[in-house]
Amino acid sequence: MGSTCDRSFTQFMWKLCLLLACCTITLTLAADDESFSNSTMLKRLHEDDYDDGMLMVASRGIENNDVDEEGVCPDGLMVAAWKPQKNLSTGDRVARGLVYFFVMIYLFIGVSIVSDRFMAAIEVITSKEKEVIIKKKNGEKQIVVVRVWNETVANLTLMALGSSAPEILLSIIEMFAKKFQAGDLGPGTIVGSAAYNLFVIIALCIVVIPNGEVRKIKHLRVFFVTATWSVFAYIWLYLILAQISPGRVEVWEGLLTFMFFPATVLTAYIADRRLLIFKYLDKNYRMNKRGVIVSAEGDAALEMDQQQQTDKLAADSDEMREFDEARREYISLLKELRAKYPQSDLEQLEMIAQEQMINRGPKSRAFYRIQATRRMVGSGNIMRKIQERAQSDLNEIKAQLQRVDVNVEEDEAILRVFFDPGHYTVMESCGEFEVRVVRRGDLSGYTTVEYETEDGSAEAGSDYVGKKGVLNFPPGVDEQRFKIEIIDDDVFEQDEHFYIRLSNASDPAVLAVPKVATVMILDDDHAGIFAITQSSHELTESVGVYEVKVQRYSGARGKVLLPYWTEDGTAKAGKDYEPQEGQLVFENNETEKNIAVGIIEEGSYEKDVVFYVNIGEPTLAPDDELAGLIQAAEQKSPEDLTEEDKMALLGRPKAGETTRALLRIIESKEFKNTIDKLVQRANASMVLGTSSWKEQFVEALTVTSAEDGGEEEGEEPTPTCANYVMHFITLFWKILFAFVPPTEIAGGYLCFFVSICAIGVVTAIIGDVAGHFGCTLGIKDAVTAICFVALGTSIPDTFASKVAAIQDKYADASVGNVTGSNAVNVFLGIGVAWTVAAIYHEAQGQVFAVQPGTLAFSVTLFCSEAFIAILILMLRRSKSVGAELGGPVTIKYISGFFLFSLWLIYIIVSSLEAYGIIKGF
């Protein structure tokens, strides 16, 4: 049961081991060669072509980078340096370094937990929906629910900010902490995080896909656009550092860097919506607002299949196509579940289908990051909440439909008078029968109403006794009855009818339907004519058992046997309905019988199939006395027939005109409405938010398992030892950040702003601790950034991408968003920080100096390797693999190892350049 959590915990511990290994390597380098101090970098700086002012500023930046000339570490913005600092032994420095190291890890966990709250707010904000009225081609209007935020815009703005907030804020905060001087920790973390995301995370996602499966990027146009911007961002960073204005950043460069952010969002949106130049390109694929693919990119078979499905859609808009595709998926899922669990009722299957629809539906990167973080810290698996949500949705929708049915009824406050029932069938020999009139509504008053018989085919005086009168309803009385007399004769005749009409109801009563009652008089001198009352029937597949009415008219004498059977049309016996065959037995004076047909419910959304119910020739039962008379008369010749014999032959039972009924099975309107509403609610984002502080504190104090509960399991998974360990380790952070306002307040915006402030505070502390860590052990900020801080801030993204790669049908949530985040990191993290610093120095009449050094070299190395990584992803789309992730075992492990090697090369070469072992810029 705890296998998933154990794997997650093992991966987390592996990350810690990797961090410790990097720490050990760096310490070894520092211990082996203490000569790589600031003097080395100063010497290299003097060899470059900088003016004196820039040299002074850059030199001061290097001298203050790690340790001052006396070996004392400066205080941080929020955390003071560990005292005392002078005359420390190597053991003391190593011990302090380990303390700082583990404090950093603990802070990384803290920033992950508050980022969880931040991402939940973003998900609630970006998942806002609105109702849109769509007009179909057939003129029918339908209301569908669509998201207000475009998915691409959401991913590149709030989603990217949420996943990269620590790196972006670290760069901005470091600039303020250094009094508007350039630092290495923030920019180094951004570039190091980009390298880790592009190489390690994608390598992991390639490898973790189950054998024999692949995951393809669906938003290929958007991926190309964001990949181009992500590489350009670091090329641009190199240009402004080493080419356009070497050693300094001007105001226009900082502003332009920031302006590339909205440009990235705009071009990605244009690509997503096929605007401008994209509408003239090959239209072999397209996707809607939620990213649901309509035709595959680079996959002819899928393209053809999806195009055929698209042609069948009646909708004219992306919203309707999206809704119809989601609906078809839900129906297909419901059929699979019906085949898997034939004994379950429809409501249970609908709940399971809704749960799986939410599970399978498109999820944002924020969803997977939140899920990964909560698993990692022992807060349970958020996917289990989906089951509760599915049950809640189903109950609410059923209640809504019931309320609609109730609202259809008339206003009960109106006093109404009417016949109940409105149709009477009586035998000619009955003598008299009773008619019932009722009133409904306010019964506190006195009501009168008149009634009178009216001829139809039956005539008063010969067939019935005409009658009229007044009915009185005293207060509290809701019904009155009166009797009508029927005249019997021995003449054979067809069935006849007459009417009884209500009139002149006293105020405030009104006459309601039926205000005219029909009375059918059946002749009892004939065995009868037998027919199905209705030639065509329309029924829903959820009806269960449908009864076809067979009526006996023009006589009701004797016991008659009537054979019947069902017949296939487009509906098939055993699949759509239960076959029936037998005979109906009409007793003497019995006029109606029903043929019960069982309808098999498949859960079809737009079902339209037909079958038939047939009746044969009626015969008198052998034990009926009339049968003997008829049999004797049939054996005589026509000239020998007596008057009695002729009457007996005329009285034989006959089949009427309608002996075959067509039954059309259509979908259940309730089922259809239920599906429509459930599909609209299949939004996994809704389970991320919280509605109250109480809920947040309960979650913070509760230990839950990170293991998924099986859909057939009734027991709650038991927390493992790892769950308890991580829960108690992170309990402080959980309780602290439970004070963040719930997402239910102000639509998530209050939670958004409070969370980002909390991330800023924790990130500022991380920056100070990371600086003290590097300073204590003699590790440069640039190396600390790419080896430690970048890894620490990327751990939640690693878990999120791994889960997304396995659970999602496509690679966008795991890989496609990496390139967008890498570009946004530069344009926001460095663009904002350097713009503010450049404006500050411009106002002071100074130059904002930024040495190219390690940063420019690191950026150049990353760009070179990024081209290779993106080329590998594109090559993997060839027929040999067919997708970016997964594929044949050998190829996927080779690809993963190669990408991971690119990251190792990046951190090793960048570290060597930072210490001057190899020459950079």
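Every residue gets a Cβ built from N, Cα and C, even glycine.
Since we're looking at a predicted model, the values are computed, not measured.
According to TrEMBL:
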| type | residues | note |
| --- | --- | --- |
| SIGNAL | 1-30 | signal peptide |
| TRANSMEM | 98-120 | transmembrane segment |
| TRANSMEM | 156-177 | transmembrane segment |
| TRANSMEM | 189-210 | transmembrane segment |
| TRANSMEM | 222-245 | transmembrane segment |
| TRANSMEM | 251-271 | transmembrane segment |
| DOMAIN | 404-503 | domain 'Calx-beta' |
| DOMAIN | 517-616 | domain 'Calx-beta' |
| TRANSMEM | 746-770 | transmembrane segment |
| TRANSMEM | 823-841 | transmembrane segment |
| TRANSMEM | 853-875 | transmembrane segment |
| TRANSMEM | 896-918 | transmembrane segment |
Suppose I define contact as three or more CB-CB distances under 8 A, residues 6 or more apart in sequence; do the transmembrane segment (823-841) and the transmembrane segment (896-918) meet it?
no
Determine the mean pLDDT over the domain 'Calx-beta' (517-616), rounding to the nearest whole number.
83
How do the residues of the domain 'Calx-beta' (517-616) split into helix, strand and coil according to DSSP?
3 helix, 57 strand, 40 coil
Out of 98-120, 251-271, 746-770, 896-918, which stretch has the largest tally of CB pairs under 8 angstroms to the transmembrane segment (189-210)?
896-918
Other than its close neighbours in sequence, what residues sit by the transmembrane segment (98-120), given a CB gap under 8 Å and a spacing of at least six beyond its ends?
16, 19-20, 23, 162-163, 165-166, 366, 369-370, 373-374, 376-377, 688-690, 729-730, 733-734, 736-737, 740, 743, 748, 751-752, 755-756, 758-759, 762-763, 765-766, 769-770, 772-773, 776, 788-789, 792-793, 795-796
For the transmembrane segment (251-271), find every same-chain residue at least 6 residues outside the stretch whose CB is under 8 Å from a CB in it, and list them.
150, 152-153, 156-157, 221-222, 224-226, 229, 232-233, 236-237, 240, 244-245, 278, 820, 823-824, 826-828, 830-832, 834-839, 842
